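J.: Sharing a structure, written as structure tokens. Questions coming.
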Amino acid sequence: MIALLFVLLFALMALGAPVWVAMATSGVAYVLIADLGEATRLPTAMVDGVSGFELLAVPFFILTGDLMNRSGMTKRLIDLVLFFIGKVRGALAYVSVSVSLFASGISGSAPADASAVSAVLMPAMREEGYRPTFAASVNAASAIIGPIMPPSIPMIFVALVTNLSVGQLFLGGVGPALLLTAILFVVLFLRGRHQPMPVAKPTERSFGSLRRLLSEALMALVAPVIIVGGVLTGVATVTELAFVASGYVLLVGILIYRTISLRDLWGIFRDNAVFASTVMVLFAVVGIFSYIVAAERVGDDLATLVDGLDVGPVQFLLLAMVFFLVVGLVIDAVPAILIFAPILLPAALDVGVDPIHFGVVIVVNLMIGLLTPPVGALLYVVSKVSQVSFVGLTRQVLPFVVALLGGLVIIVLVPEIVMWLPEAIFR
């Protein structure tokens, strides 16, 4: 019977309904058809979906990322990384990957990171002679690393719907982010051997310029240090730390960089309130799904089904990997996490999968899914910002996707990549 819920959901999405409309409509229809009680219970379920104090972290994370982009912190990070990489062939491509590793502090969101980095790097890459579609594909592929490296908005979503530790999920993302960064470097190196990339233009490399770049860029790195350091030490909640980080970035943008004026604040707060509301609406309608899942005991039924399949932890994770890759083809990362993570977690625990490993695998899966059409949110964002063909970008990004999938398989097969740091810090 529960299959009817997802049939209705995907049918409405196929007809072009917004995700939250499809979720709300299919949820209400299922409650009425399955006779799960009076529909008057659903408003309470929706309120429960957005009543968690931790949810307040989401709009402040979004605000922090937007303020960092508007203040020019992205450009300062790029200049610093370019200084260290120097005049090497394909330098700007390596800069894109490197900055994305640190850009988790910029927004914790892959599309936002891709937009910010592409807006700065694409003009420079065009000027140096990179093929536009290749340059855009590098920026798109590297953008998935930011939301895996802490602090990460998707990790917070996983924690909210599964009651897992935010700190452990943050630390669990470090190993996979470093692995995927290394894999992208290898892909760029191999491509450069067969199709030479442009040599970077010479830049001033003096102690004075390094000191200036460090003084400017280090301010951009303080925000993620505030969040991650605060979570690990337990001095404050994630919500409180997100509030402090947004206030810090705002003050730096106004008083030090002087790239944000008081006149800009109304527009910044308005735009972020609108964007954050779209996320909060999703959490509200997920409350309906949570009510249905609890009433129908979906988690228990799924655990029983998995027991019958007689699969071990590795086999289950491989099946989950394929499932989330397919889901990522048709659903964006956020609703996929909110819908399926709490449903599949009981089954994962039942077969002996570590919940932190499972949560990180979900996030890595869905970040790669952002590079796959037809949804492919990253592809749409980068093609628009970079002004390149969506089809051409999709073709160019394919080798990166294949390599990243190989990295995902390694993460599944070698749980120590995820678990070494959480176990060292928390256990």
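Note that Cβ sites are derived from N, Cα and C of the backbone, with glycine treated the same way.
Below, the features straight out of TrEMBL:
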type	residues	note
DOMAIN	6-417	domain 'TRAP C4-dicarboxylate transport system permease DctM subunit'
TRANSMEM	45-65	transmembrane segment
TRANSMEM	134-157	transmembrane segment
TRANSMEM	169-192	transmembrane segment
TRANSMEM	213-235	transmembrane segment
TRANSMEM	241-260	transmembrane segment
TRANSMEM	272-294	transmembrane segment
TRANSMEM	314-344	transmembrane segment
TRANSMEM	356-380	transmembrane segment
TRANSMEM	400-421	transmembrane segment
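How buried are these features, and what lies next to them?
T.: If you take every residue in the domain 'TRAP C4-dicarboxylate transport system permease DctM subunit' (6-417) and average the pLDDT, you get 87.
Under 8 Å from some Cβ of the transmembrane segment (45-65) lie the Cβ atoms of residues 106-109, 112, 151, 153, 156, 159-160, 166, 223, 237-239, 241-243, 245-246, 249, 268-269, 272-273, 275-276, 279-280, 283-288, 290-291, all in the same chain and six or more residues away from its ends.
Residues 54, 57-58, 61-62, 92-93, 96-97, 99-111, 113-114, 117-118, 121-122, 125-126, 166, 169-171, 173-174, 176-177, 180-181, 184, 188, 224, 227-228, 231, 238, 333-334, 337-338, 341, 359-360, 363-364, 366-368, 370-371, 378-379, 382-383, 386, 388, 393, 396-397, 400-401, 404 of the same chain lie 6+ residues outside the transmembrane segment (134-157) yet bring a C-beta within less than 8 angstroms of a C-beta in it.
Only residues 6 or more beyond the boundaries of the transmembrane segment (213-235), in the same chain, are considered here, and those with a CB under 8 A from a CB of the stretch are 64, 68, 73-74, 76-77, 79-80, 83, 102, 104-106, 150-151, 166-167, 170-171, 241-242, 244-245, 248-249, 252, 256-257, 425.
If one looks beyond the transmembrane segment (241-260) by at least 6 residues along the same chain, the residues whose Cβ comes under 8 Å of a Cβ in the stretch are 56-57, 60-61, 63-64, 67-68, 70-73, 216, 219, 222-224, 226-227, 230-231, 268.
Note on the transmembrane segment (272-294): residues 2, 5, 19-20, 23-24, 27-28, 30-31, 34, 36, 41-42, 45-50, 55, 58-59, 62-63, 66, 160-161, 334-335, 338-339, 342-343 of its chain, located 6 or more positions outside it, place their CB under 8 angstroms from a CB of the stretch.
Tertiary proximity for the transmembrane segment (314-344) is limited to same-chain residues at least six positions away from its ends with a CB under 8 Å from its CB atoms, namely 10, 13, 19-20, 23, 110, 154, 157-158, 161-162, 279, 282-283, 286, 289-290, 293, 298-299, 302, 306, 351, 353, 357-359, 361-363, 365-370, 372-375, 377, 405, 408-409, 412-413.
Residues 110-111, 114, 140-141, 143-144, 147-148, 152, 154-155, 158-159, 162, 164-165, 168-169, 172-173, 176, 180, 317, 320-321, 324-325, 327-333, 336-337, 340-341, 344-345, 348, 390, 393-394, 397, 400-401, 404-405, 408, 411-412, 415, 418-419, 422 of the same chain, all 6+ positions outside the transmembrane segment (356-380), place their C-beta atoms under 8 angstroms from a C-beta of that stretch.
Same-chain neighbours of the transmembrane segment (400-421): 137-138, 140-141, 144, 171-176, 179-180, 183-184, 186-187, 314, 317-318, 321, 325, 354, 356-357, 360-361, 364-365, 368, 371-372, counting only residues six or more beyond its ends whose CB sits under 8 Å from a CB of the stretch.
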